[in-house]
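J.: Sharing a structure below in C-alpha cells format, with a few things to ask.
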Amino acid sequence: MSKFIEPSVEEIKLEKVYQDMGLSDQEYEKVCDILGRQPNFTETGIFSVMWSEHCSYKHSKPFLKQFPTSGEHVLMGPGEGAGVVDIGDNQAVVFKVESHNHPSAIEPYQGAATGVGGIIRDIVSIGARPINLLNSLRFGELDNKQNQRLLKGVVKGIGGYGNCIGIPTTAGEIEFDERYDGNPLVNAMCVGVINHDMIQKGTAKGIGNSVIYVGLKTGRDGIHGATFASEELTEESESKRPSVQIGDPFVGKKLMEATLEAITFDELVGIQDMGAAGLTSSSSEMAAKGGSGLHLRLEQVPTREPGISPYEMMLSETQERMLLVVEKGTEQKFLDLFDKHELDSAVIGEVTDTNRFVLTYEDEVYADIPVEPLADEAPVYILEGEEKNYNTSKNDYTHIDVKDTFFKLLKHPTIASKHYLYDQYDQQVGANTIIKPGLQASVVRVEGTNKAIASTIDGEALYVYNNPYEGGKMVVAEAYRNLIAVGATPLAMTDCLNYGSPEKKEIYQQLADSTKGMAEACDILKTPVVSGNVSLYNETKGTSIFPTPIVGMVGLIENVDYLNDFQPQVGDKLYVIGDTKDDFGGSQLEKLIYGKVNHEFESIDLSSEVKKGESIKTAIRQGVLSHVQTVGKGGLLITLAKLSAHYGLGLKSLIDITNAQLFSETQGRYVVSVKSGKTLNIDNAIEIGLLTDSDNFKVTTPYTEISENVSDIKQIWEGAIAQCLTTQD
C-alpha cells in the first residue's frame, strides 16, 4: 500500500481528476487504451504534462512541419535542446528561443528570471558556452498600473538572472498594446558557441548505463507548470502561483560550469535540462530518443523536504537541474565533479531494454508506461479555421499634422528608446560584445578568433493580425534585414509562436496562415528553422493577444575588422534604399489615428529582399557604408530621428514624398550613411541628405518641413518610458 495519500484509479475516473490536470475525456480514454488499464495518480499526471500543449504541440505540430529545417550550415535541427549551425573552423553556434509567458503574468520577476535560466540550460545541455542573451517582450499600455508592475518585474528578473550568471544581454525588443493587458509575452533567447566534437544529445542508451541527477534539490515549486502554460489566464490563475518556478542564478552558474566540464568526459552518454515537465520530460524524452527504457528509483532523488511524493517529484519544475546518462561504472567520476562544484547529485536509475518508463519508490511501482506512446504519440488536433474579412477600403491620411504625429509616435513606448530598461542589463560582461542594444542587431566576438556572431530577435503582431500570411513573411524578413544591417550573413533561425486559443476558429486560422508565410520566407531567404517553441492560450478574461510570432536569427561575420569604423560621422551622405509607398495598413500611424488596425497592406517581395541584402552586405564589408538602419515602425521620419538622436548628430534631409508617406511602413527599406569620399552603387538608392555637426534635425518635403533640436528629440525619445513609469507611480 502506498505511503502517499492520493486518489485511487476509480476516483480519478469517476471524479474526473484528470480534467483538473489538463487531460480531456478522450485523452484519458486514450491513456487507458495505451496502458490496458486505468492510470494511477502519478501516471495520470505524467501523461497530462507530456501531452500538454506546451510539451506536445498537439495543435501546432502540423504547421511546424512546413518549416525548412535543413540547410548548408545546419548540424542539428529541431528535436534536441537547441539548434546547432556550423560557423567554420570546427566551430558552431547553438541557439534557441523559449517563452515564459504565463509564469511572468503571475510572478513577473521569477517568471522572467526562470525563463532566462531555462534557455541558458538548453544551450549548455548541448555542450555550448553561452555568449549572449536576447529577449522579446510584450506588455499592455503603460497607463495601466498592473502593466507597469509586470514590466518592472520582468525587466528586473531578466537582469537579475543574466547579470548574476555572467552572460551579457545584448539585444531585444519591447512593444506595448492593450491586447497584452494582463498577459505579457516574455520570450528569452540564448546563443552559445561550441566545437563540433563537443556537441551533445539528450539520449538514454546503453543497457545498464546509469542516470544521474544534478542540481538543486527537488521541491514542490512549479508542479504542473507545463499544464499551467497550456491554459488561458483567468481570475483563478493567481491561485496557481505555486506553478511558478523559483530561480537561483548562483546555483545556475555552478551548474553551467560543472556541465561544461562534464561534457569533456568520454563516459558521458547523454544529457538534458530538466525544463518544462521537469524530471518527467527529460527522462522520458531521453529514453524515447535512445530507443530504450528507464527505471528510476525515486527515493534516490535529492529532495528539499521530506514527504515529497513520486507524483510531486516527477512533475516538479524546480530549476537549475540536469539529467545525465553515463557509462556504468563511471558514476563516481561525475559525482566527484559535481561535489567539487558544490552541487547535489545522485544516481537515480539506469537504462533498460524494456522500452518502458518505470518509476519505483522503495520498491513500490508508481508508474509503468511504454516510452514511445508517452513521448511521441500525444494526440494531434486538426481543427477548422475561419478566414478574416479584410477591409479593402482606404483610410484618409491627407490632413495629418506632421509635427504632432511625429512627436506622438516618437514618445510612444513601442517606438521610444528602451535604454532606460536595457541599462538594467549587463551588456558587456565577458568583454566580447562589439555592438550593444540599440538600433541594430547585436554582435559578439567569438573568443580567440576574428569572427563574430550577429544575433537579433524580432516580432510582429499588428501586421500578422491584419494579414497572417503576409505578416508571417514580414517577421522573418525583418530579422533578416537586421542581420544584413551589421554586415552579417544570415544562417538560420529559431521561432516562438505566441497566439491565443487555437480552439477559436479565427486564431487557428491565424496560426495556419502565419506559419505558412514564415515557411515561405525561410525558404527564399535561406534561413532554416533549427529550434523553437509554441505558446498558445495567451488569453485573459476571454480576450486574446494579437498573434505574435517571434523570430530569433543568427548570422556570421567572418572578419570583424570592418566594424572598427562602422559608425556614422559628420559629413556622411544619407540614402534610402527601397521605394516608399502608401503603406499604412497595420502601421503605427493607422493605430495612432484610428485606434485599430483593419486595412490591407502590400505583400512583401522576398526576392528583392535577397538582392538588396547582398548588395548592402557587400557595401558594408567593402567599407563604403558607415551605418545601416532598417526602416521600421513609424516609418522613414521616425527612423531618421532615431538615427540622429542615438548618435547625437545633426541631420539635413530633402525627401520627395507626401506628408503621410513620412510615416509609411513600406517593407524592405534601409537608411544608409555613406562614408566621405566613397560612392554607393546599389540599385534603387536615393540620396536624401547628410549628417551634420549641428543640433538641428531638419527634414523637408514638397509639402512640409520639420525642424527641431536634436537634443530635444533625444530627450523625448530616450525619456518617454521612464516618464511613463515614474509619473504613474
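Placement of Cβ uses the backbone N, Cα and C atoms for every residue, glycine included.
OK, Swiss-Prot features for this one:
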| type | residues | note |
| --- | --- | --- |
| ACT_SITE | His54 | active site |
| BINDING | Tyr57, Lys96, Asp495, Gly532 | ATP binding site |
| BINDING | Glu98, Asn533 | Mg(2+) 1 binding site |
| ACT_SITE | His100 | active site, proton acceptor |
| BINDING | Asp122, Asp273 | Mg(2+) 2 binding site |
J.: Are there any residues in the same chain, six or more apart in sequence, whose C-beta is under 8 angstroms from the C-beta of Asn533 (Mg(2+) 1 binding site), and if so which?
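T.: Spatial neighbours, sequence-distant, of Asn533 (Mg(2+) 1 binding site): Lys96, Val97, Glu98, Ser99, Asn187, Asp495, Cys496, Leu497.
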J.: When the Cα-Cα distance from the residue listed as 'active site, proton acceptor' is computed for each of the recorded positions His54, Tyr57, Asp122, Asp273, Gly532, which gives the smallest value?
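T.: When the Cα distances are compared, His54 comes out closest.
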J.: Looking only at DSSP and grouping its letters into three states, which state does Gly532 (ATP binding site) belong to?
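T.: In three-state terms, Gly532 (ATP binding site) counts as strand.
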J.: Given the ATP site residues Tyr57, Lys96, Asp495, Gly532, which other residues of that chain have a Cβ within 8 Å of the mean position of their Cβ atoms, reported in sequence order?
T.: Leu64, Pro78, Val97, Thr494, Cys496, Leu497, Val529, Ser531, Asn533, Val534
J.: For Asp122 (Mg(2+) 2 binding site), name the DSSP secondary structure in the helix/strand/coil scheme.
T.: helix
J.: Looking only at Cβ atoms, how many others are within 10 Å of the one on His100 (active site, proton acceptor)?
T.: 32
J.: Considering each pair of residues in Tyr57, Lys96, Asp495, Gly532, all listed as binding ATP, report the largest CA to CA distance in Å, no decimals.
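T.: Between the most distant Cα atoms of the ATP site, 17 Å.
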J.: For Asp122 (Mg(2+) 2 binding site) and Gly532 (ATP binding site), what Cα-Cα distance in Å is obtained after rounding to a whole number?
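T.: Checking the Cα atoms of Asp122 (Mg(2+) 2 binding site) and Gly532 (ATP binding site) gives a distance of 11 Å.
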J.: Taking just the CA atoms, what is the gap between Asp273 (Mg(2+) 2 binding site) and Gly532 (ATP binding site) in Å?
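T.: Per the Cα atoms, Asp273 (Mg(2+) 2 binding site) and Gly532 (ATP binding site) stand 16 Å apart.
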J.: If you draw a 10 Å sphere around the Cβ of the residue listed as 'active site', how many other Cβ atoms fall inside it, taking every protein chain shown into account?
T.: 27
J.: Translate the DSSP assignment of Tyr57 (ATP binding site) into the three-state scheme.
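T.: Note: Tyr57 (ATP binding site) is coil by DSSP, not helix or strand.
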J.: Based on Cβ atoms within 10 Å, give me the single least packed residue among the binding-site residues Glu98, Asp122, Asp273, Asp495.
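T.: Looking at the binding-site residues Glu98, Asp122, Asp273, Asp495, the Cβ with the fewest others within 10 Å is that of Glu98.
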J.: Distance between His54 (active site) and Gly532 (ATP binding site) at the Cα atoms, whole Å?
T.: 12
J.: Count the Cβ atoms, other than its own, that fall within 10 Å of the Cβ of Gly532 (ATP binding site), considering every protein chain shown.
T.: 25
J.: Around Tyr57 (ATP binding site), which residues of its chain at least 6 apart sit with Cβ under 8 Å of its Cβ?
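T.: Spatial neighbours, sequence-distant, of Tyr57 (ATP binding site): Leu64, Val534.
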